[in-house]
Amino acid sequence: MRSLLKNICGYVGKSYMSSKRNASALSKPSKKLRRFGSKQPRMGKNTVTPVIQGGAEGMATQPSGEHATPAECQILTSPTKSPFDKKEYRTIRLGNGLRVLLVSEMHKITEGGDEDDQQLYEDDPDEDMEEEESEEEEEGEEEESEEEEDEQMEEENEVEKASKSYMEGPNKYQAAAALCVGVGSFEDPKEIQGLMHFLEHMVFMGSEKYPKENSFDNFIKKRGGGDNAHTDMEHTTFYFEVQEKYLHEGLDRFAQFFIKPLMKKEAMQREREAVHSEFQMAQPEDAYRIQQLFASIADENHPMSKFTWGNETTLNLEIPDQELHEKLHKLRLQYYSAQYMTLAVQARLPLDTLQSWVTQIFESVPNNGIPKPTYGHISFPFPKEKMHKLYKIVPMKDYHSIEINWTLPTLLKHYRIKPLQYISHLLGHEGHGSILSFLKKKVWAVGLYAGNDESGFEHNSTYAVMSLSVELTNEGFKNIQEVLLVIFQYLKMIREAKPNERIYREIQQVEKIDFDYAEESKAVENVESLVENMQIYPPEDYLTGSDLLFEYNEQIIQNCLDHLIPSQCNIMISSKSYENICTQSETWFGTKYNMEAIPVAWELEWNNPPPNPDLFLPCPNTFIPDKYDLLSSESTILDYPKKIEESKWGELWFKQDEKFKLPRAYCNLYLLTDMVLKSPRLAAMLDLFLNLYQQQMVEDVYPATMAQYSYSVTATERGLVIKINGFNQKLPKLLELLLDNMENFGKQLEEKTFNEIKQQQMKSYYNGILKPNTTRKDIRLSVLQNVHWTLFSKLKALKDITPSSLLEEFVSNLIPSCHVRMLVQGNISESQTKEMYNMIRSKKESSSPSTMCVYPEIQTHCLVVGRNVVRVTGVNRNDTNSSVINYYQSGPGNLWEEVLNEFVMMVMDEPLFDFLRTKEQLGYHVYGTVRNTFSILGLSVTVNTQANKFSVSHVDERIEAFLKEFVMHLRNLKQEELEALRETLKSMKQTVDLTLKEEVDRNWAEISCGEYIFDRLKREIDLIPQITTEAASSYLEKLVCQENNNNYKKLSVQVVGGQSSEDGEVITLEDTLKQSEILKCIGASDDKDPNDTNFILDLESHKEKLVLYPVSRIVK
């Protein structure tokens, strides 16, 4: 997996270093990192790259060979933890030099686990050993980076409810482990670039002890878990989670990656295809393209200059298989050595038990006695003749942006000061007096990022990057010189003002509060972060080193500020406007660019910019809480929310927290309106309103995000959802601010701002249209739902919207027309909850005292019986990725069918991946999904492939072949296999929410969809014992097998990619607006299309023939 520089194409405006505050995205769900199911790039992970030894108790190099006898285990200093952290920790170093952090959560048993849980640590760890199985699993339902966002949006629109199941990640307590090897892509041989990434893939391919390929993935998935890995510049991290009773065997299998993996020659081709597919999926993404361009600036003798992804060229065409195989094994023996490794294990087991298991299992990891490679002696990576330049870049998407980069000496040793966090706090600020505030007033920018994302690409042992990226409006692009001047004015101001201790202490206070009162993270996320921290910090700082600011040091901060001067910057400007002038091409991604000297006149102005009175330091933050008291318990403790208000226009649900005991609360507010269903024009108005709303209110609300409050305002197909959370003391103040800004929206609307934000919205729609996954989603939901406005239909409608029409047609009717659903939950009282509800009540009643609200309903079409196909050519012919989804419709569902559907998909998940990806090598992203389209059940199989390798008809045919084979597999399940699978599904639903957020999300899912079955999990668990092989196989056969089946209703949506990543024609935004229809449906294209296929050539006329299912709910 590759690490991402940053996502520069979807700005909201924030500091990189404050990823916990990135919840202010409007008009789309916040991107959630799903790490299980595939080896994929991680987007913006906020952890520091492990590259240096950690203090006196750091790494030990044992002069031993592969089979050396380990020395005795050594206890190291325990890490400092929050006063409210009930977990127990122990740090040890095994005799082979491997450092381990053990994390015990025994308190979760004593605070209320079931009897089986309480006996867990007394079980014989070998009791559950089973025979090897051949199937492999690696990806789940929604595993990809860009793809994941599409799927989340799809589910928000389509389902608006969630039943906890394996599809959403395991929910019964999961034990977890992670191991970090302190070596990464910097050690790629120059002649085989991407080899460390390839090695990360290959160790999954069986071991001497467990020889079957991917047996680890298979074992983990069938026991309710997931696993993943990623390769960074100076580390490679592996991690997994599994049902706790299988932890011992999971650890034993996991350890074999590092003891004696097979890495057979015959497995190389399959994984080489996977690595190449991963690269091809990334190729159209601008963030990755610019990252690689930046790497190309580095000196060719510095490891930063390498192409660390790897592809079929570097891993196949340029090297014979035998030589590659030998190099792979040599690399593993050289670098996968115990003294380079850190391990963390977390479970509800005693520390002594965990220590015993880890010692027994991991002491066999070899220590080769070779000192760990270091890079601090290497010269600075970026020569001035290439670094201090102006780069003009042609992006794949349509946007304008400026990115300024400064490179500094590595700052890893200054983790206690975190100078870049202070600087990024100021540069990335969005409140009054900030860079972004000034640029927005000029209508030159809509978003800004500043900081260091702390990936290995931006912060390693050779250098650190300080970046500032601005998303420009069209007007801003015309005034690039002035935009840059404002940035250097602000930099001069803070440099000359010297570091401000008051601001530093404020950041320090907020980080300490957030650390002390943090919600629990999932065990697997925790151990993944810990093993990377263990590569950097001494044991006492394993928990705190990446989060807390320990000491103020004015000189260190000033030294960093002194580096941020015009003569040391690199400037990258991205715009489609450069398409006809850029003549250079980056080697690997093919990014078109020009390198030019920075104009002398610009630099002269930047070196001594005039003061700007509109730029000043942030004021003290009034949102920082000063009360953390917990409310006394209610007389009656409720398991579920209770409805405490109801009227013709809304309802209020409330639950005081009695479990997590943190001074935090959540408030979710759904404004449901039938306006959005009436036309694409009104749907586009909703999106435009939210983007303008964000621009208007961000200065007022931004201080709250700096105090660890989060908010999001999201458009759905039935209205908009406002979610806020944070410390309960000032949560009502945040809601009041949001609602006041919404009420005063029209008073603050300026025509110039409107026009620029409208243009940004048009580009956003256009950029979405270019993506095959978005096209696939739009077509599927257009066919299935009676109302679904595509991006193209909204783009066309947006063109003619004016400020007055937005206010008159949409804004003035939003509050009067909406039906309100609200949930408040956490450390908050019923009376406070009612006060918050009264905020929206007063605005509702003042705007529409007698208006009757129409509750919006979306209905689902009943598909025509048979094989229905929509095949279209992708809009972006430079994108070689094709996307195919085969959707099989069941019909109106009940709880029994919902459970059966989930069971079938759970069993199918691993063999589906094994057949379509591992064996057939159809593509990197292969997954199945349980579908609930407004209570109409179904399932789907999705494959993203490369158009220059496989036709969409071939992919469709192979999906069908798998499903037929799998029906037989399901029918032939043995009784003991059936019982084990039923138990796995049951365990996944026997949830104990780990955080208040999990409980809130589960309750909100029931409220937002209007089903209110808060005990849904219990009801579903009661049905699981009734599942038989006959019931499951008959259900699936009726769903996916066409022969003699009048219930067979299939919709295959196929988006055909281009044949080349460079030579295709890309339609512009202007040309798109001239089209009456952007997607052209095509018919049969080769002999693989069955004769009985119904090719849909006109979507609208086809929909007119379909019958609608009645509105239904899955409540019994």
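Yeah, the Cβs are placed from backbone N, Cα and C, and that goes for glycine too.
The model shown is predicted, which means the values in this text are computed figures rather than measured ones.
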Which residue range, 215-242, 831-858, 971-998, is the one TrEMBL calls coiled coil?
971-998
Integer average pLDDT (0 to 100) for the coiled coil (971-998):
90
Tell me the residue counts in helix, strand and coil for the domain 'Peptidase M16 N-terminal' (170-298), as DSSP assigns them.
65 helix, 24 strand, 40 coil
Treating G and I as helix alongside H, and B as strand alongside E, what does DSSP give for the domain 'Coenzyme PQQ synthesis protein F-like C-terminal lobe' (906-1004) in helix, strand and coil?
58 helix, 20 strand, 21 coil
